Amino acid sequence: MRYALRSFIPRQAQTLALPSLPIPTGRRFSKMTTLKTLGAQKAAELDKELMSEDGGFSIDQLMELAGLSVSQAVYKVHTPSEGKNILIACGPGNNGGDGLVCARHLHHYGYSPKIYYPKPTNAAIFTGLQKQLRHLHVPFLSTPEDFTAELARADLVVDALFGFSFKPPVRAPFDKILSSIISSKVPVLAVDIPSSWDVESGPPSGEFVGHDFMPEYLISLTAAKPSAKFFKGKRHFIGGRFLSQDVAAKYGLDLPKYEGVDQIAEVDVGAPVEKL
């Protein structure tokens, strides 16, 4: 989930480091007759409830769980034996934090992740993630030229620029970053929502950057968003195996069937979408 309440980042939050656990790559679909989705308002309400005194979660826990789910989706669609060069484009918000967590897990899985984080956030949770990655010697790309050069070598791009609270259009410097990703033709895994898309209406109109952006893969966090009905890529996953049955029922969600120790479940691309 995108826990998009940007102001809710406690200064004392310490990022958890859960064990990295790769998963088998065999495809098993969680059968859902209808893919139930949460719009921005409902998604924010769910985040707030999870992080309430009664909910018991902290933002660093949710970010860790989200990033772990993203890393497992990477492993599902592109194992290290198929190419280790993973380029992770991180935005300034919580979606970018998910990308940082993902990078740490990918390093432990045997990939060679590299991070482009042009507008880093100084809150403790984000600086902690950056320190963890630097201790692992995971490279942070410093300039647009470094990003362009690494993009040419990448086997897969993780789009962790913007989440469900984003409203088009994409602004500098992210407009050029996204345009470069699109034109590169490198396969992309989008985190929660493809960057530039509106949570409700999907891709922007033709005059805006991202109107032609269709990533190969999508990992929806906790629940799919209404814009998932516009996704026509190859594979779609739901990530975030932590919701209780009671909370899921309160928000009208059907929990996917998670296999074994997987934190993600694959759902059919093109399944009918219902907004809750």
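Glycine is no exception: its Cβ is also placed from the backbone N, Cα and C atoms.
In TrEMBL, annotation is done automatically, which means it is predicted and not curated.
According to TrEMBL:
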DOMAIN    43-255  domain 'YjeF N-terminal'
BINDING   ASN94, ASN95, GLY96, GLY97, ASP98, GLY163, PHE164, SER165, PHE166, LYS167, PRO168, PRO169, ASP192  (6S)-NADPHX binding site
BINDING   ASN95, ASP159, SER195  K(+) binding site
Remark   = Taking only the CA atoms, the spacing between ASN94 ((6S)-NADPHX binding site) and SER195 (K(+) binding site), expressed in whole angstrom, is 13
Task = For PRO168 ((6S)-NADPHX binding site) and SER195 (K(+) binding site), determine the Cα separation and express it in whole Å.
result = 9
Query = So of ASP98, ASP159, ASP192, which of the binding-site residues has the fewest other Cβ atoms within 10 Å around its own Cβ?
reply = ASP159
Inquiry  = I want to verify one value. Collapsing DSSP to three states, which class is ASP192 ((6S)-NADPHX binding site)?
reply    = coil
Key: Confidence summary (mean pLDDT) of the domain 'YjeF N-terminal' (43-255)   = 97
Note = Across PHE164, PHE166, listed as binding-site residues, the smallest other-CB tally within 10 A is for PHE166
